[in-house]
Amino acid sequence: MLYPQEFDVIVVGGGHAGTEAALAAARMGSRTLLLTHNIETLGQMSCNPSIGGIGKGHLVKEVDALGGAMALATDEGGIQFRILNSSKGPAVRATRAQADRILYKAAIRRMLENQPNLWLFQQAVDDLMVEGDRVVGAITQVGIRFRARTVVLTAGTFLDGKIHVGLNNYSAGRAGDPPAVSLSARLKELQLPQGRLKTGTPPRIDGRSIDFSQCEEQPGDGMPGGVNEGTLPVFSFMGSTAMHPRQVPCWITHTNERTHEIIRSGFDRSPMFTGKIEGVGPRYCPSVEDKINRFADKDSHQIFLEPEGLTTHEFYPNGISTSLPFDVQYDLVRSMRGLENAHILRPGYAIEYDYFDPRSLKSNFETRQIQGLFFAGQINGTTGYEEAAAQGLFAGINAALQCRGESAWLPRRDEAYLGVLVNDLITKGVTEPYRMFTSRAEFRLQLREDNADMRLTEAGRRMGLVDDARWDAFSRKRDAVARETERLKSTWVNPRNLPAEESARVLGKSIEHEYNLFDLLRRPDVTYDALTGMDGGKYASTAVSRETLGELSAPVIEQVEIAAKYAGYIDRQKDEVQRAFYYENLQLPQELDYMQVAALSIEVRQKLQKHRPETLGQASRISGVTPAAVSLLLVHLKKGGFRGFTAQQADEVAA
């Protein structure tokens, strides 16, 4: 039957990408339908029970700054929080949380069910409705046809998914869930360029069978013995520690030579080493057999025993993802200290699935071949909940904007890790599952977790993503930061009004001439609290006190202090951004035949002709396109007088 109601946006899949896509489109006012094969698995954490980490936590903060769900759900479900790299600079500090799977999923489900403009429907999608070169809807497994102006596909590992345990394999989207075979076949019919990737998960262990006295305890921040014992982190800009459930520790054990012998003995029955698995696995989350093979010189690897929740005994042994036969899994687990009597609740497995080359997507994640069809998440060759959530949000935003008849939202590489993620995917593609790191961002001093809201919330408000409560909190923070920064810049101290002993205590020596407080705060060893506490607190401001700002007080002071400490570095990076901006925004003529650009090598011509980048900046990031080739292309465009290009260039120069 044809469903009587028509939608603006249909989202296929209810994982981390699908939920953020559906929520974003609905927040923007689009009539949105989320189709999932099982409503009970909305927001399910299919692999590790954690959110965040280096680079990943930055993405979660950006999703949150745009009104997304992941950070708030983590605050509600997080049973251990840690700030990674806390001793390093703010650009690379990252929040990571262990999450209670049940609490996290319940938080996501509640947000979906209470979101205006969003309808949920339980049915697997088998086909797309395509008229000419445009998608017009989706068809479910029982033949229900839903019409829509746009479709966002977030199928995760379900596209022709195949699970491997030893030399045994079977079709599945994940353990216990069926694959999307018909939909995968339909996408192949549309001749979208695709490949195979794989990922894996470890066996789960019953905590009652673990001897924790033989393991090393790893408490989180805010817990006795934690690295930052006095401070319990919060993930969302709208979150609070009051939202957190009870906090619990993780535990650490290690593999040993016996473990490695057991693993090596199973290589002849490993689907990875016998050619049963075609797909490439994630480099930065390798299976334990891959680790033992690649790092043969290491006699031990750290294994983190992570609790799956407060109401279960299940533990996730992070570090032994495997597709080895179950008898090998059983022996390798029991060879480790503290796990000698471990009972395995679920076997580990590898899953192989289809992905589609993200270089065939436009800058807004719309497919080039089919108008109105957007891809997000693991279907684009990424790995990780956080990367999926960020892509889902991005695709949902742009599907809604297309329905409004508005131009796409395309954050730049200097504006957001989301911009880095999108740009990397559409220009470089993937040869292995893509994971975000801070090292992928050229301008990471500007792209910190702490300022994600300062970078993105205003854009989110303009697009309709940010509600009044979030906007009010952001506005108070932004205004307080501006006022306090200005106050410090206009407050002066000199040898006459600042006692020498106070100056020496806080600054290390007495001052000899006049300084404003902001300049003094730029000194590496001077903290905001010490500076404003000089001379009996004479320079403190009640405007940024906890009594005035409540929970916003600490983030405001942090922003002011970072702005002072890193002012010189950030200014230099802004100059680099300006230089990059010139190339980034130069639109390349769509009619340009790269094969006729004689100055370029055949390899470069072929790559440009194949990928057809939209801007000179995108062209510069295609693998094999050298800076010299970019310069030659620029010369060719200037000489050729391509329509719009020379005028556009003149506008840039004038600006």
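In case you wondered, yes, glycine gets a Cβ from its N, Cα and C as well.
On its own chain, G13 (FAD binding site) has L35, T36, L153, T154, A155, G156, F158, G377 as residues at least 6 apart in sequence with a Cβ closer than 8 Å to its own Cβ. Residues or ranges marked as FAD binding site in Swiss-Prot (evidence: sequence analysis): G13, G14, G15, H16, A17, G18.
The Cβ neighbour count for K291 (NAD(+) binding site), using a 10 Å radius and every protein chain shown, is 19. Among the features that Swiss-Prot reports, NAD(+) binding site is placed at 281-295.
A coil conformation is recorded for G14 (FAD binding site) in the three-state DSSP classification, outside any helix or strand.
Separation of the C-alpha atoms of G18 (FAD binding site) and G281 (NAD(+) binding site): 23 Å, rounded to the nearest whole number. Around C285 (NAD(+) binding site), the same-chain residues at least 6 positions away in sequence with a Cβ under 8 Å from its Cβ are T199, S321, T383, R435. Highlighted in sequence order, V11, T19, E20, A21, T36, T154, G156, G377, A388, G392 have their Cβ within 8 Å of the centre of the Cβ atoms of G13, G14, G15, H16, A17, G18, the residues recorded for FAD, and are not part of that set. Fewest Cβ neighbours within 10 Å among the binding-site residues G14, G15, G18, G281: that distinction goes to G281. On the backbone, the CA of H16 (FAD binding site) and the CA of E289 (NAD(+) binding site) stand 28 Å apart. Comparing local CB density within 10 A for the binding-site residues S287, N293, the maximum falls on S287.
Across the fold, the C-alpha of S287 (NAD(+) binding site) and the C-alpha of G15 (FAD binding site) stand 23 Å from each other.
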